[in-house]
Amino acid sequence: MGDPKLLLQILALTTCVCAVFMMVNWLIHKHIAGTRLWFGFVFCAAIACMFQASLSLSPIWSVMVPNTLILIGLYMLTRGVERFFSVQTHQFPWYVLAGIFFPSFIYFTFIEPSFLIRVVVNYMVWLLAMVLCLRALFLGQNKRISSFSPAHWTFAIACFCLLIVFTLRLSMLGSYEHSDTLGTNNWVNQFFSLSVIVMPLILCFSLCLLCSCRKEQQLAELTQNAKRESQKKERFLTLLSHELRTPLNAIVGHAELIKKAPREPLKYQQYCDVIISTAMSLADLANQVLLNARGKSSTLVPVNLSQFADLLIAQFKPLLQEKGVELRTQLIGIASDKEYLVDQDSIGLVVKNLLSNAIKYTQSGIITLSITQQSVTHQGEIVRFEVKDTGAGMTAEQIEQLFKPFTSSDPARSIAHSAGVGLVLCQQILEVLKTKLHVVSEVGHGSSFYFDIELSESIITNRQKQTNTYQPQAVSQLCGDILIVEDNQLNQEILKHLLSSLGLNYEIAATLSAAEAALNRAQFDVIFLDMHLTDGHGLDWYRRVFKSFDFKQAPVVVAITGDVDEQSQQAYRIAGIEHFMAKPIQQKLLEKLLAQLLMPARHFLAEKSMLDYSVIDELVSTMSPQVLNAKLMYLSDRLDYEFAQLRGLADIQAFEALEEKLIQLEEEAGALGMCVLHIALQDVRLSMFDSLNADWQALHSLAKHSARCLSDYHSKVLQ
């Protein structure tokens, strides 16, 4: 058959070639578990075969080291197969085998050499490895041979062939002598060497086939998932189109009614209320889609749940009046003056959607919004938000399909009769908040949708409420000059109308270059800056151009944007823009913001509530006019910087640095006679926990307002 020594050299060459192929296989399929261990197995086998082919070496290198490498390599092969098939590894059999292997090989190699005993121990190593590999293959296919692919069968055959070869060798032990070696020229060694020469090739070929099969399965799964996602997207867009067209139909229909109706102010107001309410529902739908797409994390703000419920109800009044449905609120176990830390955007969107659906499917009767304290925990309270109606109700089958709008058996009917895409988005938004939407319904008696969420109380002491004496001015008292930087003519008209109704002066710049020219020409108190203009981005212009102006009193910039996500707002804050108005612009929110930013018409009288004149008069008499002028000139800009630092320190919970910064600002406010700001800063500092949840925007506005009052009073004193 051939000289065993020559056959061993051929075997060494074969395993080296296999090692190269398995290294390439590992580099190609790095993402597949087990491939690196398979390369390690063949590499160890190749080194072992090279040592065994060098028969002139001492027993430690020709016997002990090669067999130890074979043991390590087979362990790596087994671990690799178990990882590939995600099967639990059993280490105990290997510990037992190692306890037998090393003493036996040391004794029967160096003390009382016996080739026969070494063959038996070597057979035990191969037997354990092949049995564990076949076990992993069987369990990896869920014990179903019918699920075996050609790659699985090839690997199984390779393992069985190796077992058969080593078992036949064991059965031929009678043809060996104790003093024989692998290089002894007898027919058993010749048969064994010829048999095992092809085995590394078969085994490595089967392992490569397994990798190719796994990659093919992954590609098939990706294709299937892509197809499924495409179907979901198509279904989602169909439902979204339905949800968009329903309120658009109401808007267009009521606009037509306004055109045709007689001149009745009451009817006009009613139609306009419906249009406004419906348009805001479209904005809510857009917010829902964005929240869902971005997986928005929670942003907790202090919220009075009683006021929160009243605000939600007020938004639906026009629809309720049109349908004749009564909407009630019910607070159980919730104090009317207590505030909770709530993700107001997410929960508000969910409750609005539930109320909208309840109104849509209730022809007459009562809809109840209940906010109930369910239990008290160590972290806070479990609060249930529930919307209950007296509509048609649903069957168990309809409830089961309620949150599966993408897989309806009757698409046309589901579009016409479902609650639309809203409930699916609501469920996904609530999952981000670690809760779930539940439904209880009975045909003919109505439905109840509810979710439970853990809320912690926002601790605001009575002293905080009493000392925060700054209140926004009444809109009828406002005065100021406004610059509108907006390229959309419709948005320009809306802002012009709103500002004119408040008696404010305004100028319009349709481009950023026109805005720059306006700032060079006149002084403004507030700038409404659109973020997306034809000649550039508003934020870039603010950083590059606006900050380069040397204002005596810098105007307050308000970002007008449709980017309502927290990431965009954070970018504006970092740049220095603290105020935002989301599109569509609402008159009440605009009035509230302007009341916060602008001086009242009789601003000199209002200064009395903001300043301590005795301190200011003492400053004027003791400090050099040039020094005081320089200090006041840049006070507003420095406050912008200081409050940006305060917000950042609060975000990272740097308590010591935050307290030091508050003390510094508190002392400076007191030294400049800004008494209300001094009290407000002191109040925040004395309650460090609440300072993390403080309304930094309102506090910043108070500081800017105080600086304006101080600057105006100082100008009058100099006159």
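Please read every residue number as a count from 1 along the shown chain.
Positions of Cβ are set from backbone N, Cα and C atoms, glycine also.
Per TrEMBL, the feature domain 'Histidine kinase' maps to 239-457.
Marked as domain 'Response regulatory' by TrEMBL: 481-598.
Mapped onto three states, the DSSP output places ASP530 (4-aspartylphosphate) in strand. Remark: ASP530 (4-aspartylphosphate) has VAL485, GLU486, ASP487, ASN488, ASN491, GLY538, ILE560, THR561 as non-local neighbours, by Cβ distance under 8 Å and separation of at least 6 in sequence. Look at TrEMBL and you will find ASP530 tagged as 4-aspartylphosphate.
Taken from TrEMBL, the feature transmembrane segment covers 6-28 (among others).
The transmembrane segment annotation in TrEMBL covers 37-54 (among others).
What TrEMBL records for 60-80 (among others) is transmembrane segment.
Nonlocal intrachain contacts for the transmembrane segment (92-110), taken as residues 6+ away from its ends with a CB within less than 8 angstroms of a stretch CB, comprise 59-60, 63-64, 67-68, 71, 75, 117-118, 121, 124-125, 128, 132. The transmembrane segment annotation in TrEMBL covers 92-110 (among others).
Positions annotated as transmembrane segment by TrEMBL: 116-138 (among others).
Positions annotated as transmembrane segment by TrEMBL: 150-171 (among others). Only residues 6 or more beyond the boundaries of the transmembrane segment (150-171), in the same chain, are considered here, and those with a CB under 8 A from a CB of the stretch are 119-120, 122-123, 126-127, 130, 133-134, 137, 141, 188, 191-192, 195-196, 199, 202-203, 205-207, 209-210, 212-213.
Per TrEMBL, the feature transmembrane segment maps to 191-211 (among others).
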Non-local residues, at least 6 beyond the ends, that sit with Cβ under 8 Å of the transmembrane segment (116-138): 63, 67, 70-71, 74-75, 77-78, 81-82, 84-85, 87, 90, 93-94, 97, 100-101, 104-105, 108-109, 145, 152, 155-156, 159-160, 162-163, 166-167, 169-170, 173, 176, 178
Among 6-28, 37-54, 60-80, stretch most in contact with the transmembrane segment (191-211) (C-beta, under 8 angstroms): 6-28
For the transmembrane segment (6-28), sequence-distant contacts whose Cβ falls under 8 Å of one of its Cβ atoms, 6 or more beyond its ends: 35-36, 38-39, 41-43, 45-46, 49-50, 52-53, 55, 182-183, 190, 193-194, 196-198, 200-201, 203-204, 207-208, 211
The domain 'Response regulatory' (481-598) [mean pLDDT, rounded to integer]: 85
